[in-house]
């Protein structure tokens with residue numbers, strides 16, 4: 001099994017190194033091949049997604065990704081910025097389903113900004129459609145307004161759109177995920193205002209006829225954002241579009257106490273996927289050895305579970321992470337009084353020891 005390792009920028013190389021350390025500690029061997037991406041890709045080839053990196057990603061069985069982005073690239077034209085690498089990988093690999101778990105570990109309940117009784121036992125899975133919606137809809141751009149009260153003035157415009165096949169395939173992924181959990185699926189939209197959202201809801205209802213054992217409900221996105229802060233444990237699996245999912249998954253991540261704990265998976269139709277921590281490249285702490293590697297280590301566990309069909313090995317890593325937290329090890333972002341505060345490498349070593 002071949003894994004493409006794309007560390008990226010900022011803290012990416014540090015945290016990916018710890019995930020690789022954990023993979024190498026398992027009792028089976030994987031072929032790991034590394035390549036530059038993001039700002040590192042731009043420095044190496046003049047493009048954030050070099051041709052050789054894309055070829056490796058296509059050839060591999062799965063991709064372990066760190067993070068991309070750095071302030072020093074903000075002046076580049078949009079097509080050359082590091083963040084375009086992840087968008088390019090999603091497009092070229094046809095990764096359309098993003099899984100973002102939001103789990104509050106018992107040992108970290110006090111780190112959440114919400115009261116312990118609201119988040120104790122929290123375990124949400126957000127399934128976000130990645131390839132459509134207003135992020136990719138055409139036409140888009142800046143022009144002279146052709147009509148309206150400010151006709152002739154400069155305006156920016158984007159297009160929100162979804163095709164039926166796009167909605168159906170993410171619906172099936174979400175229903176199947178819900179079927180493996182509590183058999184409850186919440187679809188989030190804005191169908192009281194947006195035609196695209198009403199269409200989304202209609203297709204979700206139609207697909208639900210194939211999953212009689214799963215309870216489908218609906219919620220407007222503004223209410224969902226409020227309910228995530230008010231009573232988050234009411235949710236189990238949430239499915240939504242690209243933009244709403246982008247926002248809600250970041251909100252849900254902070255319920256857990258630290259975005260440094262949260263993995264994610266982006267999958268294609270055949271469960272080949274790209275696995276990355278939910279956080280960014282954090283250039284302000286890069287090279288200091290203090291970044292939390294647990295989200296990346298847990299992303300490696302998701303990689304084993306979904307793309308390589310190694311559920312037992314994934315379980316081992318997840319149990320090791322829980323054991324390390326139980327032993328009191330903490331990086332700075334999740335530190336509590338009386339804990340054993342450690343750096344990036346020491347946390348990775350602790351997980352390996354727990355294995």
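Note: Cβ is positioned from N, Cα and C throughout, glycine not excepted.
Since the structure is predicted, the reported quantities are computational estimates derived from the model, not experimental observations.
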Record-annotated substrate site (Swiss-Prot): member among 81, 100 besides 90, 128, 222: 100
Number of Cβ atoms other than its own within 10 Å, given for residue 222 (substrate binding site): 13
Residue 246 (Mg(2+) binding site): tally of other CB atoms within 10 A of its CB: 17
Residue 286 (NAD(+) binding site) and residue 128 (substrate binding site), distance between Cα atoms, whole Å: 29
DSSP-derived structure type at residue 284 (NAD(+) binding site), helix or strand or else coil: coil
Recorded positions (100, 135), the one with most neighbouring Cβ atoms at 10 Å: 100
Cα proximity to residue 250 (Mg(2+) binding site), best match among binding-site residues 100, 280, 282, 284, 290: 100
Diameter of the substrate binding set by C-alpha atoms, the set being 90, 100, 128, 222, in angstrom: 27
